[in-house]
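Participant: Dumping the structure here so I can ask a few things about it.
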C-alpha cells in the first residue's frame, strides 16, 4: 500500500501496519521492485538545501534532490544527527517525508516515533494530516526483510514523487545494515564471498537501491542516509561503495566526539559536489575555503605543538592556532532533539548567519573573545553574549 493513508503510520517490509490504529485503507498498491527512472526523466537543477546545522551548510552543503551520507563509527552521533535533520527539515519543509529504519535498534525507532508525535509531525488526533510515513525492518527481523525494507521505503517515496508530484525527503538509517543483510542472504544462497566477507553482488545491490532514489521532472527526492563505518575504516567495501552514489558526505570523527564537540562533523573529511563558487556563490565558497585552510594548517602544526609546545611557534602560527581553535568550536551547536540530555534549547542557524560568523573569526575580528565562548552556541551574536557572561563570572 502507498499513498496518503501510509502517513503517520509504521509499516513493515510488506507494507502491513505494525502500530495500533488498524489496517491501512489504501486502494493503490505498488510492487517494491521497480526500475529506476530513465535518464531523460531526471532533473538536473542545482540548488542548496539549508539544514540549520552550521558545519553542514557551510563546508559540505546538501543538494536539494540529492543524496547525502552521514558516515561514522559506533557512538559518534549518526542517529542523533539524522533525527535532528528530520526535525529541522520535516518541520520547515512543507512536503512529506519517508523514514526507513533498516536493521537498526528498535528502541531508536520507537524514540523517533514518540518524538514525531510530540513535535506534531505525526498528528495523532487527525492522522491524515501527518507529514511522515515510517517503514521499519529492525535488527530482530530476518535478513530478507532487512534487505528489502529500503526498497519498501523507496516505493512509498516514489508514489509521492511521481503520482502526487511532491518534493519528498527519504531518510534511511542505516545503509550498512542493508549491506549486512545482503551478505547474510548471499551466504544462505551459497555464494562465494570475496575479500572482507561481503557478498559478491554488493555493487549491484547497492546500485539497484540507490539509482531509484533520484529527482525527476515530476518531483524531487532528497535522501539522507546514515552509514555505519565498521572499525572507523572508510575504505571498507560497504562505506566505499555507498560514497560513490552520494552528492555530499558528512563524516563524523571520533576525535571531535572525544573533545565533546557535537555534531562531531570532521570539516576536512566532509565533501560536497555543491561546494563550487558558481553554485553557492563566491562569498560562501571563499569563507568555506578559508575555514578549511586554517584548520589544515592547525592540523599540520599539531605535531610541533605536541613535541615543542605552543611557545616555539612563530607569532603568525600562534594566531592561526588561536583562530583555528575558535573555528573548531564554533561549528558545535545545541540540537533540538538533544534538549532532554543537554538541558540547553536547540538552535537553528540560517546560512547567512553561519557565513557571517566565520567571516568575523577568520580575519581576527573576534580575537579578543575566549575560545569557550564559541562552544555550543548558535550564531555569532550568542558567542559574543556568552563571552560577556564568562567575563562577568570571571570577575
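A Cβ is built for glycine as well, from the same backbone N, Cα and C atoms used for every other residue.
From a predicted model like this one, the values you see are computed outputs, not experimental measurements.
Sharing the features that Swiss-Prot gives for it:
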| type | residues | note |
| --- | --- | --- |
| BINDING | 72, 73, 74, 75, 76, 77, 78, 79 | ATP binding site |
Participant: If one looks at the chain holding residue 73 (ATP binding site), which residues at least 6 apart in sequence have a CB under 8 angstroms from its CB?
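Facilitator: 228, 229, 230, 231, 232, 252, 254 - these are the non-local Cβ neighbours of residue 73 (ATP binding site), listed in sequence order.
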Participant: Which residues, in sequence order, are found in the same chain with Cβ within 8 Å of the centroid defined by the Cβ atoms of 72, 73, 74, 75, 76, 77, 78, 79 at the ATP site, excluding those residues themselves?
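Facilitator: The answer, listed by sequence position, is 228, 252, 257.
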Participant: What are the non-local neighbours of residue 79 (ATP binding site), defined as same-chain residues 6+ apart in sequence with CB under 8 A from its CB?
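Facilitator: Non-local contacts for residue 79 (ATP binding site): 104, 108, 173, 226.
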Participant: Is it possible to get the count of other C-beta atoms within 10 angstroms of the C-beta of residue 77 (ATP binding site)?
Facilitator: 20
Participant: So which one is it: of the binding-site residues 72, 75, which has the fewest other Cβ atoms within 10 Å?
Facilitator: 75
Participant: Is residue 72 (ATP binding site) helix, strand or coil when read with DSSP?
Facilitator: strand
Participant: Over all shown protein chains, what is the count of other CB atoms within 10 A of the CB belonging to residue 78 (ATP binding site)?
Facilitator: 26
Participant: Please work out which residue of 74, 76 has the most C-beta neighbours within 10 angstroms of its C-beta, and give that one of the binding-site residues.
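Facilitator: Per the Cβ count within 10 Å, the most buried is 76.
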